[in-house]
Amino acid sequence: MGKKGKVGKSRRDKFYHLAKETGYRSRSAFKLIQLNRRFQFLQKARALLDLCAAPGGWLQVAAKFMPVSSLIVGVDLVPIKPLPNVVTLQEDITTERCRQALRKELKTWKVDVVLNDGAPNVGASWVHDAYSQAHLTLMALRLACDFLARGGCFITKVFRSRDYQPLLWIFQQLFHRVQATKPQASRHESAEIFVVCQGFLAPDKVDAKFFDPKFAFKEVEVQAKTVTELVTKKKPKAEGYAEGDLTLYHRTSVTDFLRAANPVDFLSKASEISIDDEELAQHPATTEDIRVCCQDIKVLGRKELRSLLNWRTKLRRYVAKKLKEQAKALDISLSSEEEEEGDEEEAVAETKQAPEEEEEREEEQLNRTLAEMKAQEVAELKRKKKKLLREQRKQRERVELKMDLPGVSIADEGETGMFSLRTIRGQQLLEEVTQGDMNAADTFLSDLPRDDIYVSDAEDDDDTSLESDLDPEELAGVRTHSDLKEQKYLRFTQVDDNKEEEGENPLLVPLEEKAVLQEEQASLWFSKDGFSGIEDDADEALEISQAQLLYKSRQKEQQPTDPPPPPTNLKTEKKSPQGQNEVPKETEAILGTEAVTDPGGEERGNSSDSDSSSSEDEDSWKVSRGVKRGRGSKADEDGFEVVPIQDPVKYRILDPEGLALGAVIASSKKAKRDLIDNSFNRYAFNEEEGELPEWFAQEEKQHRIRQLPVDKKEVEHYRKRWREINARPIKKVAEAKARKKRRVLKKLEQTKKKAEAVVNTVDISEREKVAQLRSLYKKAGLGKEKRQVTYVVAKKGVGRKVRRPAGVKGHFKVVDSRMKKDQRAQQRKEQKKKHKRK
């Protein structure tokens, strides 16, 4: 009994599988792709109407190849699944209701392309099916004439039948160019062909008979021709021999054969070639075979005739070479007088042509140089354009991968970046930054007299108020102290700039000074139990060292110095930092009174034995230390006032309960007051951290805690938000996944191109194509996914055959601990072998 084959298996060809892979809804999508590849009508279209569009394969192709903002409308009897940027209608194209729906959707628009891939329900009889298809095409043409713009395209499917020629004639009346084609995706056994009508004429009025199937497909009776009509009345002219040619045998010479313009025609008419020239007869190319062939040409075959043509070519070369040698000999035999006359004429001509040739040569050289420069400029422009396009492509890829925001690039750093303190290295760069653009100020000051020193009104008021408040002695002390400061600054500014060492950045202040860090480390070290006995001795040594430092600093302050004259250089004033000139008035007064001596010559600092003087000294030392600490050690070196760094605010990361409590506090003032009132309870203690044992504090925190008045739903909401935040991948992981996805997509596109090339190849069989496609997808890693294997640990005492455990689906593998140990041992052996080879 014969085996029955599958009915629809032969229909699953390469385009069926390609449609499955590329995501098209039907294999007919490739028909439209191939038609568009040939006629290029989708790229220029702004509006498209697809009749009989289900299931939507042609709509997918149109949405892919047309501009993004195009209008695409699809109509069919059956519903079409929605597509992005596509409008679908469920109507019958043969009814007036469909025309009204299209007018409502298109409004005043005219479409550029009308597609029709419709076919009736076939199966009754071939004649009936062909007529139904032609009638459907005529109705589609009627809709196309209503909505198609001038110069538009109409692509329709037609069956090859007796109604095909009338349809073609109607198309030719309405369109400028009509072409019938059958794309490669259309099956060979199918009777369908596609007619592409381009250049719609858009007549003002179309005869309704064109769209009437009774008139369009009416059979025209052809009158039969009689026998007398078939017989031609004029007798044709008799063709005989050439005039004067009475014989069939023609003998020609080899010279005529060499001079013939068409040697093939000459051989077809000649019967014999006689070699009458002795020199040509003795030529090495004239062999015995050639002589025999020349005796009877009519009996020669293709090979012998080709040898005669080659023989003719060799003889012609020989004769041409001989004629050149004879002409050369004739030129040499000219008389000497003629040669001399010729030389004189040539010399005169050369003298005339020399400047002209030189000018032409220079002009040619100049043109060549200009052309080279222009080519270099064009190449440079191309290189810059390519670089710009490459950067734009990279930026676009980064934006698509969400590595950058649109318009903001983290990777691209221009020449002018943001200001950074880390770029300032050394005092010179710092002065350039602080000075800024002072050209306008220098110009203004240069126009004024040199002797004037300008002080603002506010400074004048401060000075007058200070002079009125202080006694003469205190005022003298303040002036002496300010003179000392100015003299110290002048000595510092006179240091050579070349001796500056580029140290650390003066604007970057560390969180803690080195001395403070060293002191903290030392205190941690000496807080150990081994140093507990020598604590008193260390305190005494520290007090002695502090007293010595205090005494030395007071002696330096009490030394009288002659005040130098105040500086009048405007440039120095401009460079002087604000932190040194502006010292608090109270501090200057205190320091000044400490440094001034009595009129009798006795210093105030000598009475150190009394308690009052010692206390005053300590207070003044504290004030001076406070001033120095406020100005910092860098104030004298760099000319900037260093402000003490405040501790940054420590942000706490709140748990869900804390967030819910914060929401309650932020939403209601009354709830906030209630929370503050409830915080004073019996569970609240005022112990500082570290007073109680750690185990006791943890136990109290666990068991003696008051429940917060927050909603469970609110806490669960914030807990869910935390889970979502924690579930997000970090930026590097997201970028890596995006890069991996981009590589896979790129590899997939390359594989698709190769697969299309393999599919379009005609020389190989279908089996070889399938094998090549399978190997391509396997190399690209796009084959079948590895099936999931469930590992089941075997128990002792179970045989080789193990039943499927409960709850395990799919493929499973039985493993045991012995197998795992064996595999590890095998891996260790392989590792040892590798080390030995190295």
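Note that Cβ sites are derived from N, Cα and C of the backbone, with glycine treated the same way.
Copied over from Swiss-Prot, here are the features:
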BINDING   G56, W58, D76, D92, D117  S-adenosyl-L-methionine binding site
ACT_SITE  K157  active site, proton acceptor
REGION    332-367  region 'Disordered'
MOD_RES   S333  phosphoserine
MOD_RES   S335  phosphoserine
MOD_RES   S336  phosphoserine
COMPBIAS  336-348  compositional bias 'Acidic residues'
MOD_RES   R390  citrulline
REGION    453-482  region 'Disordered'
COMPBIAS  457-474  compositional bias 'Acidic residues'
MOD_RES   S532  phosphoserine
REGION    537-639  region 'Disordered'
MOD_RES   S545  phosphoserine
CROSSLNK  K571  SUMO2 cross-link
MOD_RES   S576  phosphoserine
CROSSLNK  K634  SUMO2 cross-link
CROSSLNK  K650  SUMO2 cross-link
MOD_RES   S667  phosphoserine
CROSSLNK  K669  SUMO2 cross-link
MOD_RES   S679  phosphoserine
CROSSLNK  K701  SUMO2 cross-link
COILED    730-768  coiled coil
MOD_RES   R774  citrulline
COMPBIAS  802-812  compositional bias 'Basic residues'
REGION    802-838  region 'Disordered'
COMPBIAS  813-829  compositional bias 'Basic and acidic residues'
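Averaged over the coiled coil (730-768), the predicted model reaches a pLDDT of 88. Pairwise Cα distances among G56, W58, D76, D92, D117, the recorded S-adenosyl-L-methionine-binding residues, top out at 18 Å.
Put simply, the residue listed as 'active site, proton acceptor' is 17 Å from D92 (S-adenosyl-L-methionine binding site) when counted between their Cα atoms. Comparing D117 (S-adenosyl-L-methionine binding site) with R774 (citrulline), their Cα atoms are 32 Å apart once rounded. If you measure from the Cα atom of R774 (citrulline) to that of W58 (S-adenosyl-L-methionine binding site), you get 28 Å. Secondary structure at K157 (active site, proton acceptor), as computed by DSSP, is strand. For the pair K669 (SUMO2 cross-link) and G56 (S-adenosyl-L-methionine binding site), the C-alpha distance works out to 61 angstrom. The recorded positions recorded for this entry are K157, R390, S667, S679, K701, and the Cα of K157 lies nearest to that of G56 (S-adenosyl-L-methionine binding site). Counted within 10 Å of its Cβ, the other Cβ atoms near G56 (S-adenosyl-L-methionine binding site) come to 23, all protein chains included. K701 (SUMO2 cross-link) sits 71 Å from W58 (S-adenosyl-L-methionine binding site), taking the CA atoms of both as reference points. The Cβ neighbour count for D117 (S-adenosyl-L-methionine binding site), using a 10 Å radius over every protein chain in view, is 22. Across the structure, the residue listed as 'active site, proton acceptor' and R390 (citrulline) are spaced 44 Å apart at their Cα atoms.
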